[in-house]
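All remarks here apply to the structure that follows.
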């Protein structure tokens, strides 16, 4: 029994073809939107590439860009097919193409759904990439004289100023590394020597942060050093001075920023998927209705259209049997006990036989 069978008159078939022609052109625009969203996300990730570790974080924008390009091509072809389907004579040339086209379009719409879901599932990969990338960027903050790392100080400072954040997880991350270059340390100073000797790694560690961690909204001049020493500053309590420096870590700030972008892109991709799915359903109805018209032979009469010719269970069983039988048609069975049917066939004597021939009288 056909699934969701609908009866179409010629007028309904013509209107459906015209509507689908318009919707396919709208789908071309939706493909451009998907391409643009993927390109926008790729550019945004590229902007913070210096503070991200290498990983699969580009898989989502690449997926959206690819799906967007394919959407433009498939829907452009779909518009041409639906336009011709308003005429039964023109439909005959697309008759063998429409079913493969519907199958390819179904796979394509599934890819849109996958891309939309990936926008919500890549948070863990993005968080790990940001954690590792920011850790290395902060570690090499002081290396302004080393080629390949000299730009990291500017990158981190602009990042902390722009996103109102400090450190990787928080401002205390700066306490654990030497972020002041050795060229700016007075090695003859006893205080510097004591700090270098105070840890096994010989690093100059201070309870201070770079200037980019300062909050310009603070009512007092920014305190960058001895942040946890209340006695070093007048009328100061680091537990309550939340406006002095940014408290949020840059990993959290960037993760919130990219999560908001991907959430919006995911919603847009889901809406486009629903729209593409509705267009695909309409094309399927049009294909089956036009096919049945040709079978009936009455181009002006009514015809049935459906999503599936048989029930879901029967269709699934049929497709599974096709998959199981793939490649078995020309295989020779080697199961024990089964022999070639030509092995025991008796040979036919194709040699000369003792046939008596009449003698031809000789002329006298």
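Including glycine, each Cβ sits where the backbone N, Cα and C put it.
A quick note: this is a predicted structure, and the numbers were derived from the prediction, not measured.
So that you can see what the record holds, here are the features copied from TrEMBL:
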TRANSMEM  20-40  transmembrane segment
TRANSMEM  60-78  transmembrane segment
TRANSMEM  98-120  transmembrane segment
TRANSMEM  265-286  transmembrane segment
Same-chain residues near the transmembrane segment (265-286), Cβ under 8 Å, at least 6 residues beyond its ends: 6, 8, 13, 16-17, 19-20, 23-24, 26-27, 30, 33-34, 37, 41, 64, 71, 75, 78, 81-82, 85, 98, 101-102, 105-106, 108-109, 112-113, 115-117, 119-120, 305-307
Tertiary contacts of the transmembrane segment (60-78) (same chain, 6+ residues out, Cβ under 8 Å): 20, 24-25, 27-28, 30-39, 41-42, 45, 101, 104-105, 108, 111-112, 114-115, 118-119, 122, 262, 265, 269, 276, 279, 283
